[in-house]
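**Q** Below is the structure I would like to discuss, written out as structure tokens.
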Amino acid sequence: MSATSSTTSAPTENAAPENDFLAADAGLRPPGPTPSQSRFQVDLVAEAAGANEDKSPSSDASTTVPSSDKVAPLEALSADPGVGGEEAKGRFRVVNFADPSAAVSAASPEAPPAESLQNGDTVMSETSLHSSTGGQHHYHYDTHTNTYYLRTFGHNTIDAVPNIDFYRQTSAPLGEKLIRPTLSELHDELDKEPFEDGFANGDELTPAEEAAAKEAAESKGVVKFGWIKGVLVRCMLNIWGVMLFIRMSWIVGQAGIALSCLIVAMATVVTTITGLSTSAIATNGFVRGGGAYYLISRSLGPEFGGSIGLIFAFANAVAVAMYVVGFAETVVELLAGSGVVMTDEINDIRIIGTITVILLLGISVAGMEWEAKAQIFLLVVLVTAIFNYFIGTFIPVQAKESEGFFGYHGSIMWENMGPDFRGETFFSVFSIFFPAATGILAGANISGDLADPQLAIPRGTLLAILITGLVYLGVAVSTGSCIVRDASGNVNDTVTACKFGYDFSTCRSQKGGCPYGLHNDFQVMSMVSGFGPVITAGIFSATLSSALASLVSAPKVFQALCKDNIYPGLDMFAKGYGKNNEPLRGYILTFVIALAFILIAELNIIAPIISNFFLASYALINFSVFHASLANSPGWRPSFKYYNMWVSLAGAVLCCGVMFVINWWAALLTNAIVLGLFIYVSYKKPDVNWGSSTQALTYHQALTHTLHLSGVEDHIKNFRPQCLVMTGYPNSRPALLDLVNSFTKNVGLMICGHIRTGYRRPNFKDLTTDQARYQRWLLKNETKAFYTPVFAEDMRQGTQYLLQAAGLGRLKPNTLVLGFKNDWRDGDMMNVETYISMIHDSFDFQFGAVILRLKEGLDVSHIQGQDDLLSSQEKSSGMKDVIVSIDTSKDSDADSSKLSSKATSLQNSPAVHKDDDDDGKATTQPLLRKEKRSPTLPLNGSDQRLLEASQQFQKKQGKGTVDVWWLFDDGGLTLLIPYLLTNKKRWKDCKIRVFIGGKINRIDHDRRAMATLLSKFRIDFSDINVLGDINTKPKKEHVSAFEEMIEPYRLKEDDMEQDAAEALKDNEPWRITDNELELYRAKTNRQIRLNELLKEHSSTANLIVMSLPLARKGAVSSALYMAWLEALSRDLPPILLVRGNHQSVLTFYS
């Protein structure tokens, strides 16, 4: 029976009697998916077998498979009923997201046969999960989750065995990406709905990868090359340039055989090291199109890759012009030899060059297949020309002797062994030869068109370097062994005394008298060869093949660069056409650039720059291998093992050295261009994450330095305020975040602590997700801090967790920063007890404590629409996160935002959701979902003031004062924080005024003593005020107001029985006893008096920094302590109450 004869949700009649429990359940289910269904749910299928699993080998199963986690056409696959032992093939994950009518029968002509499945690279990947019942897959229906469980190792489980398809990034290049069961799906309780769409393990695709996936998924019959046609042929053609035929003999004449071989060997060493490095990178994971750019960018990151990619593509485009002009010059010389001249020499070169580049463009645009055929033809011509030359060296011809060719002879070889430099040096000759050795990346540049880049690039590149190096050495030795350096070409220059019957001394003494020989005749190889015109054909082949390779490489590299969107505005060149995704727009651009330089027709100036561009690429490829090895990342696992990090570093240094040897000013210009592009890309910070070795090395260095730091004892001179700031969600208290960031940025550590409490079971997955999202939010807002959320039963327990565990090694907080609890009188007083206990706990842990109070309040999370004002950066195109407020009725979690929220309702701080892109694609899973509500209502007056106050520390403070009320010596933290603040750009115009307590009869003495101390601390100040009237009694109305404030919180034990009073105190420990109130009367009056003095002296200050009063733990009730803080800081400008841990943080010793 057909496997797809039934895709409905009800079983067929013949299956119903034996599957009653399935049929009953299935009959109730709607034909389409419901929101509560998991992605494992399938429509029930017709099965020939009963419920007894022993009969399962003869059953037919129909399953539907997704092409990815997106909705896609489903494919069905059935086991042949006649073959009991053959395992059924199908997707591991079985879903019913699509309409069943969209299913395609496996028996239909469009469906690929099962036998054609290879390596899991088609839409239907093979699985090999053998069960204990004959190798069949068995699907069992579980009534708890409506899920079929696949039998793995004989057990009913959805746990998957290892499969390559789970590790793919896209479904495009090699096969379909499968999603393994998530940990939640295997671990969470059955009554929960743990399934969520998305990518696991951070495998979200970048836009470029999605585009690649889409293009490759659409393409059918793509042309892919093996290692010979794709890499070996291209590299050999590119390395065997025109230099082989018209400059190699001249190099031998200048440098001699020995030094010529040394020159070839040096160049080969550089290219071999680069080839080894290229092989290592190419075998460290799947390689896509883009050649050198892809290898460098994925290894070193977008900064290096983007800068090299642009100049490498440009260099290839100009190289097209260079090779075409070389071809045109040869043609013009031949025409001139025949007496044919179209206009003049320069214009003839331009005409022929233009015609040639148009023909080459036509071959390229016709497709990679035609281009590959042309390359094969050109290689045949080139190899024929090389063999033609070597054959000619063994055929002595009498007529050629006058031109210096005498066949192989030991004396000629010995005479030509040493150098004979005429106007050149060793390095100048080397600089002329080295460009001939480049071209080793010709194969890697079309990496996207290779069937197996990991195999093809190492094998083809290294073999090409070996073959071409041997040929260059062979030509150097052969020319030096059978041709003399100078010859007149005159058959009458014969003498009997000369060993060879010729005397060329007369022409050698005359300037330009010897037109032949190694030194003088560039076409000497044509003269020596068996058939001269074949060498000319070889020259044509060498130039045209190199031009064709460059014409293909430049658009491919440029297309890959544009796809990654490193440079905005170039994305139009990312579009590809046809089955091979040909970059036609890139071809046109390359053609225009090449044509422009062809029309210049003088490329002697541009040639060294091009060589340096290639060398810069080689240097960075070598450095990439060294850098990746140095970073010691577990992800650096190249299958090509024949590399060494230090050899690669030596290769990079050699490449840089060769750049300056070839042309020092071109090397400087190249480095300047690379540096400029590097700075630009670094500044733009493209939103990509390729797991580069730069990231790995950053981690390695951070880990090493952190461990090293842990072994060093702290010193006062190096003290930094490292703050644990109880912000809740980072965007809910902007004023607190901004102020602390002002004095910790680039100075000390800042951790945003967030305690999430609640009665329901904690959702740790959400906690982890929030941590990543809000860390991105902090980075986007340029706040140098870490977000650390924790689940706890209450606020105090959560604070204790953070005080103990936050930080790493020496990078641990030493100061707790809180917002003042403005609404302490409105809610449950046990919250006040918790709040004060947190301060006590910080001192118990030897932390300093800082409390910020704004009279308007700190928490803005309850304000509707605050995201428009606070998160504008978050809405930029590069970032999808937007922070918005949510309806708290859907979430009963409390959090640390309750501590200083001005609102009395239990408003949560903004939560983060996900939203869809405008085009419906899920390139970045949306992080926030905006509430659909009517336009935001105008804010009331208090909220408007709160919102304005929350942004006051984001602005430049202007000329004002920071008033430091250093009443008690806490080690110096009260003074250090304002000093750090006034060093920042926003606060640099503010002056520090210092207020201290003293006696009236010693005011001048105390002022001088403090001035001396501050000058020794090297802290600038504008004024010192000594307050002699601190202990004056406060005004009666202020005392009365204080007593009225604490009245509801007094125990009044004198008015009740002792037992009742003790019971009440036990139940409500925050209550103020009469004895306590009387005992601390003087301290209470001091707080009230200080508030009066603050209003008198500091009412216009930008910020007040004041010593935080201490309360003895267990002796002062939390309500009284809170009342002290309230009385002290009421109705003032922003005030920072600071108390260090009484360890010195300032020193005047060097």
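The backbone N, Cα and C atoms fix where each Cβ goes, glycine too.
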**Q** What range among 425-444, 665-684 does TrEMBL describe as transmembrane segment?
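**A** From TrEMBL, the annotated transmembrane segment range turns out to be 425-444.
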**Q** Within the same chain, where does the transmembrane segment (642-660) have neighbours whose Cβ lies under 8 angstroms from its own Cβ atoms, ignoring anything closer than 6 residues to its ends? I mean 6 or more beyond.
**A** 269-270, 273-274, 276-277, 279-280, 431, 434, 612, 615-616, 618-620, 622-623, 625-626, 629-630, 666-667, 670
**Q** Could you tell me whether the transmembrane segment (308-329) and the transmembrane segment (613-630) are in contact, taking contact to mean 3+ Cβ pairs under 8 Å with a sequence separation of 6 or more?
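**A** Result for the transmembrane segment (613-630) with the transmembrane segment (308-329) is yes.
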**Q** Under 8 Å for C-beta pairs, could you tell me which stretch among 257-287, 308-329, 376-397, 456-475 has the largest tally with the transmembrane segment (425-444)?
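**A** By Cβ pairs under 8 Å, 257-287 leads among 257-287, 308-329, 376-397, 456-475.
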**Q** With CB pairs under 8 Å as the measure, which of the listed stretches 349-369, 456-475, 531-554 comes out on top against the transmembrane segment (308-329)?
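**A** The stretch I would name here is 531-554.
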**Q** Using a cut-off of under 8 Å between C-beta atoms, tell me which stretch among 231-251, 349-369, 456-475, 531-554 contacts the transmembrane segment (257-287) the most.
**A** 456-475
**Q** Looking only at the recorded stretches 349-369, 376-397, 531-554, which one has the largest tally of CB-CB distances under 8 Å to the transmembrane segment (456-475)?
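**A** Checked against 349-369, 376-397, 531-554; highest Cβ contact count belongs to 376-397.
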**Q** Within the domain 'Amino acid permease/ SLC12A' (230-724) only, compute the mean pLDDT.
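**A** Here the mean pLDDT over the domain 'Amino acid permease/ SLC12A' (230-724) amounts to 83.
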